[in-house]
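Attaching a single structure in structure tokens format; questions to follow.
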Amino acid sequence: MLEERESKEPAMNPFQKNESKETLFSPVSTEEVLPRPPSPPKKSPPKIFGSSYPLSIAFIVVNEFCERFSYYGMKAVLTLYFLYFLHWNEDTSTSVYHAFSSLCYFTPILGAAIADSWLGKFKTIIYLSLVYVLGHIFKSLGAIPTLGGKTLHTILSLIGLSLIALGTGGIKPCVAAFGGDQFEEKHAEARTRYFSVFYLSINAGSLISTFITPMLRGDVKCFGEDCYALAFGVPGLLMVVALVVFAMGSKMYRKPPPEGNIVAQVIKCIWFAISNRFRNRSGDIPKRQHWLDWASEKYPKHLIVDVKALTRVLFLYIPLPMFWALLDQQGSRWTLQANKMDGDLGFFVLQPDQMQVLNPFLVLVFIPLFDLVIYRLISKCRINFSSLRKMTVGMILASLAFAVAALVEIKVNGMTHAQPASQEIFLQVLNLADGKIKVTVLGSRNNSLLVESVSSFQNTTHYSKLHLDTKIQDLHFLLKYNNLSVYNKHSVEEKTCYHLVIHEHGESVSSVLVKDMEIKPANGMTAIRFINTLHKDINISLDEDVPLSVGKDYGVSVYRTMMRGEYPAVHCETEDTNFFLDLGLLDFGTTYLFVITNITNQGLEIWKTEEIPANKLSIAWQLPQYILVTAAEVMFSITGLEFSYSQAPSSMKSVLQAAWLLTVAVGNIIVLVVAQFSGLVQWAEFVLFSCLLLVVCLIFSIMGYYYVPLMSEGIHEPTDKQLPHPQGNMINLETKNTRL
């Protein structure tokens, strides 16, 4: 019945739609308006368990929970997907990650414009959610290894990310406001509590998805490797659920029609004021009290007054992007840092991308802690801890968080595997012959590097750096074994690590050059490979459907990634025998080389050496930087938005929301630029961001010191109390001596 009454209202007021268009900025005499027949009383929407909450709110909150699960779950594994699936380097992965994040905060302007001036909030959410789901489909297809090659995966991923950015950004400014539209004015207090529940659903979705999605990626194997397709597919499924749940409540929603694009009105008003002042810059024309007063020839006074209040707040927004540049690196640079650390906490093994779960968890803890404890204690000490001062302290805490991250990065670098630079290779000699061997690399630049003798099965602990004249080059090795001198030639490629495996060949010796893994295994995994010195092929069962095959006579297997743990009895078989090998402990982030031998009277044995050392620094060392940056977020983000809303007129709330999201977008662009063009090592980049934010904090403090807060009654004056005036007299109302 409610829907029937609403659908009949336009028929009862045939002139209503045209009337609103003709009188956007012009007064209408009440004598000219046709009398309306009395409207039948509207039925109150159903409530939740007899409370003042409309039942439709439940659909909106569940929709927001699923949508945030979808977004943050997909984003949690995005950096590692770029790094290990698409095989991009760390700088490219970081840049694309922040380009995507930036796009997600530019598109809300488009979503707000579509909702306000064309489709309305409900249809905008529905249509852009369909785009959102389509983006997840493309993203999941781009993570299936058997579907095309790297080029197709990259194209599908970029298309998917673009559609997701349009979907999530487009509905972002609509969902919360649409929920507020469901409340009647007499339930304003319940509406305030709704926004708290809404914010809680955002953090709950983020918390759960950031914890679960990395498990779907790392703990589940598909196509013989990490299951990124599942990690992207489950968030996509949650977005489908979000869309279905939201559509189910369609008949219960209050759907206000589009009211016009206030963002466009503000931009046009500012542009007209600037251009009008530029056209009338003659000294004969009297000055005006404010530069926005030059828009009074075209725009009503109440709009100009509201825009004046808005521009004062927007001026304070100028330094804010630098804070977001630091905050949003939790999902990129900090995840890459965690990937090089030990995730074993004793009671639980934490994946690198699961560390991001600390942020929403600490947000839920810190909000009541700061509101109920810290702020009240500061107030009792009679300290005026204003909103601008809270934001300043938040900037300082974020700067300290990155200083701590730089210290952790320096410690991590001291324990990680170095990488060869341009026109360089790393070489490690492995002597499997029975006796000492002296290796010399012929050439003026390298002949003094490998002159020390290498004992049989000597466990060398470091690589030797060799210099190349070109990107690809043939190196000549001189092997001295007993009284023999053997020359071997091998082709090498720059920026690569190699093992030179020397073994007996009849009465002489020979060598095999084997390319090593260049980066640590992802997600705290361990990587192993085998050298078979026997005269028979060996199949090794490593808890996989397909055994690892190692060829006879010094054959070298491919790498196989394994979960961290003890492996005391690994089943092996040849064509005529079965046996077990004790691999021992396979530790976090380590790459092992196992040599299967039969040189003693004790039967088959295995010799173990580390190519890339294990992660020794615990991932728990990231906890201080997460605590500092989350405290900074609570003090800066929540306080800043609250302050901005208190200083802006009610008609400018949507504009302010769009401007606030734009500062996040610009912050991500800053990270993108620094990652691509700074050329700094990671710890130095952290220090750079920390220092930049301190400088910005100083500028913001000076701006805040001279900022004079407006009283609420000065910026929220109801427009219905203003007397209507003809548009032509607007200039006289402002100032009488500025008529052109």
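Quick reminder: no glycine exception, Cβ is built from N, Cα and C everywhere.
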Which range is it, out of 154-175, 264-285, that shows up in TrEMBL as transmembrane segment?
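In TrEMBL, residues 154-175 carry the label transmembrane segment.
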Is the transmembrane segment (99-119) in contact with the transmembrane segment (686-708), using at least 3 Cβ pairs under 8 Å (sequence separation of 6 or more) as the test?
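The answer is no, given that the two segments have fewer than 3 Cβ pairs within the 8 Å cut-off.
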Do any residues of this chain, six or more beyond the ends of the transmembrane segment (658-680), have a C-beta under 8 angstroms from a C-beta of it, and if so which?
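Residues 91, 94-95, 98-99, 101-106, 108-109, 112, 169, 172-173, 263, 314, 317, 320-329, 332, 640-641, 644, 688-689 contact the transmembrane segment (658-680) from elsewhere in the chain.
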Tell me, please, if the transmembrane segment (154-175) and the transmembrane segment (196-216) are in contact, taking contact as 3+ Cβ pairs under 8 Å between residues separated by 6 or more positions?
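When sequence-distant Cβ pairs are counted, the transmembrane segment (196-216) does not touch the transmembrane segment (154-175), since fewer than 3 lie under 8 Å.
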Six or more residues beyond either end and a Cβ under 8 Å away: which residues meet both conditions relative to the transmembrane segment (390-408)?
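For the transmembrane segment (390-408), the nonlocal Cβ contacts are 323, 326-327, 333-334, 337, 617, 621-622, 624-626, 628-629, 631-637, 639-640, 643, 683-684, 686-687, 689-691, 693-694, 696-697, 700-701, 704.
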Quick one: do the transmembrane segment (228-248) and the transmembrane segment (99-119) have at least 3 Cβ pairs under 8 Å, skipping pairs fewer than 6 apart in sequence?
no
In the same chain, who gets a Cβ under 8 Å from the transmembrane segment (357-378) while lying at least 6 residues past its ends?
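Sequence-distant neighbours of the transmembrane segment (357-378): 72, 200, 203-204, 206-207, 210-211, 330, 385, 623, 626-627, 629-631, 633-635, 638.
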Grab the same-chain neighbours of the transmembrane segment (126-148) for me: Cβ-Cβ under 8 Å, and only residues 6 or more beyond its ends, written as numbers and ranges.
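For the transmembrane segment (126-148), the nonlocal Cβ contacts are 67, 70, 74, 81, 85, 111, 114, 119, 154-157, 159-168, 170-171, 223, 225, 228-229, 231-233, 235-236, 239-240, 242-243, 246-247.
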